[in-house]
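Straight from Swiss-Prot, the features:
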type	residues	note
BINDING	Gly37, Glu38, Asn39, Gly40, Ser41, Gly42, Lys43, Ser44	ATP binding site
DOMAIN	5-242	domain 'ABC transporter 1'
DOMAIN	259-505	domain 'ABC transporter 2'
Amino acid sequence: MPYLLEMKNITKTFGSVKAIDNVSLRLNAGEIVSLCGENGSGKSTLMKVLCGIYPHGSYEGEIIFAGEEIQASHIRDTERKGIAIIHQELALVKELTVLENIFLGNEITHNGIMDYDLMTLRCQKLLAQVSLSISPDTRVGDLGLGQQQLVEIAKALNKQVRLLILDEPTASLTEQETSVLLDIIRDLQQHGIACIYISHKLNEVKAISDTICVIRDGQHIGTRDAAGMSEDDIITMMVGRELTALYPNEPHTTGDEILRIEHLTAWHPVNRHIKRVNDVSFSLKRGEILGIAGLVGAGRTETIQCLFGVWPGQWEGKIYIDGKQVDIRNCQQAIAQGIAMVPEDRKRDGIVPVMAVGKNITLAALNKFTGGISQLDDAAEQKCILESIQQLKVKTSSPDLAIGRLSGGNQQKAILARCLLLNPRILILDEPTRGIDIGAKYEIYKLINQLVQQGIAVIVISSELPEVLGLSDRVLVMHEGKLKANLINHNLTQEQVMEAALRSEHHVEKQSV
């Protein structure tokens, strides 16, 4: 039986640099292939070649789809063939309805007039196919990210998709939303729709894939049956070396208490009747990594936003640093108290995409380079930028390159470099490795470990329970704004954390000092 897709000996160059070097990929109808590799490995370039974003003639090699050679000059050419790609940054128009998004550019008309009745009927069938129980008239901006992802799939199905490409589809989804999405993909597989799945979450890759294709430095390293590969096998192929331990296995010597929060309560910015954080108290020691776990809506991010002075609503409670009560109502006051934060959404809150890498690093510490006068000491700033880039191993062709052009992992390292310029005593990391590859994760985990060895106290909020458990000395478990458990991490399991989150009564254990 012929393959649905064959990409033969694809090479794509930018100037003298080969982004893709003689890569081949093939899959059958109804097959799920995961494409794995570090950021910058060439995955996105290969998919842009396949989809016609890089047109025929701009690359070497051959693409055969459904028995015919594709020579696409535009993404619409491949869409007509039945190839659809859903990017991590969803391409929906938030102000339009679900129906309007699904039929955007593919409206059903009769005599030049749109047939809304027929489109509504078709839309309802598409939504049912992706298990979405919503009205076609719902505004997309009112949907959660998981629902928006399913609308994107419904939009692809409306184009008679035969090959669906999903690029980091679960990066911003909850575990429940992820489970729903994977079930939808399996259902599509039963209907003969093939899928190329791109994700840094190797547990998902293992769960969903028939085969796994690994690319490193623009070259095809290997394609194997998923059933015969472990996560360690995938990592070794991706990074070219064996990572014996993803999380640093070094004991932390904790010091005195540096932070204590008492009876923190925060209200919804608009609806004062809703408590997003409800009477939460906890402490933090020097040289300790404190993980905060919980489902989406648990109040984790809201808690640390209050601590950093950026929660947009009202809140009350007491914050003590070194035993002294402090008042923190904005980020400047937090920084003055020795607190720095890497935000949850780095693209929205962490970087200025069009600004240079170096300027992003020094953005919060420009007073270091003024010497009490208004004029900036450019030489001192450049020296500091180069040292930070070297220390954090930020991969960039130049400090003057716009940071938006870097991979997610290198953007995150630049934000960490900015935080370290503030000489923090308390470092808050909200989703520190979201959307970055395994190699960059490993480097960030090593850096976190080095910081706590220096006595810096670290708070880690993560939706990935293995990350929380792999890093933390102690884990706070939150649910619906309340602190449900305070657990010493002596071989804690994911099941124990989830049980603590979902049990009805409080279960706050005493800390061992």
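Our numbering is plain: 1 for the first residue shown, then up by one each step along the chain.
Yeah, the Cβs are placed from backbone N, Cα and C, and that goes for glycine too.
Looking only at other Cβ atoms within 10 Å, the busiest spot among the binding-site residues Asn39, Ser41, Ser44 turns out to be Ser41.
Remark: Gly40 (ATP binding site) has Lys395, Ser407 as non-local neighbours, by Cβ distance under 8 Å and separation of at least 6 in sequence. Lys43 (ATP binding site) carries a helical DSSP state (H, G or I).
Using a 10 Å Cβ-Cβ cutoff, Gly42 (ATP binding site) registers 24 neighbours. Most Cβ neighbours within 10 Å, among the binding-site residues Gly37, Glu38: Gly37 holds that distinction in the structure as shown. Same-chain residues with CB within 8 A of the center of the Gly37, Glu38, Asn39, Gly40, Ser41, Gly42, Lys43, Ser44 CB atoms, the ATP site residues themselves not counted, are Thr45, Ile215, Ser407, Asp437. Within 10 Å of the Cβ of Lys43 (ATP binding site) there are 23 other Cβ atoms, across all protein chains.
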